[in-house]
Amino acid sequence: MAHERTLVIIKPDAIQRELAGEILTRFERKGLKMIGLKLQLLPEETIRDHYAHLREKVFFEELVEFMTNTPSILIVLEGKECVEVVRRMVGTTNARSADIGSIRGDYGMSVQSNLVHASESLVAAQTEIDRFFKPGEIHDFTKISFHLVYSSAERD
Ligand code: DAT
Ligand code: MG
């Protein structure tokens, strides 16, 4: 399967604001294949690893608290060039300046509470999928709408 996989987290603010269905629907309607999905209260240590690149920042402890006080929805998506496609659907980190039409741009007003996480590269995506999902929680099935979403050359 040459199609990429990426990790999306529907964050606690989106769950509390009842935006989970809205956000999930965007990925479905785009034509992405959902191969993993679960609701989970994320363990503090897992979030410290996930955001290790930010551990020296003044906002880090508040970020850890924000991410661990309400469950998140974890999603693995698959599709052609989907790491880049999903990052563009999510928008830039600061939701106030994110493009209108992106998820953060349409629903958010915050840098921290910006509704969704999406892996930033193919390498990060693999690490993050392995961090949050066991192999048995990812489902490799044939999606019958693929011949409508892609040309034959784009399907592999
Ligand atoms: P992104 O989520 O767009 O990949 P990132 O990896 O730089 O951005 O940061 C991860 C998360 O950390 C981000 O979604 C929200 C939080 N964050 C980043 N910069 C912040 C800041 N200046 N103040 C508060 N939270 C911040
Ligand atoms: Mg990031």
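Count begins at 1; order follows the chain as displayed.
Placement of Cβ uses the backbone N, Cα and C atoms for every residue, glycine included.
Just so you know, TrEMBL annotations never went through curation; they're auto-generated.
Per TrEMBL, the candidate among Arg17, Arg48, Arg104 that belongs to the ATP site alongside Lys11, Phe59, Arg87, Thr93, Asn114 is Arg104. Here His117 (active site, pros-phosphohistidine intermediate) is positioned 9 angstrom away from Arg87 (ATP binding site), judged by their C-alpha atoms. Among the recorded positions Phe59, Arg87, Thr93, Arg104, Asn114, His117, not one has its Cβ under 6 Å from an atom of ligand 2. Counting other Cβ atoms within 10 Å of each Cβ, the lowest count among the recorded positions Arg104, His117 belongs to His117. Of the residues the record lists as binding ATP, namely Lys11, Phe59, Arg87, Thr93, Arg104, Asn114, the two whose Cα atoms sit farthest apart are 23 Å from each other. The two recorded residues, Phe59 (ATP binding site) and His117 (active site, pros-phosphohistidine intermediate), have Cα atoms 17 Å apart.
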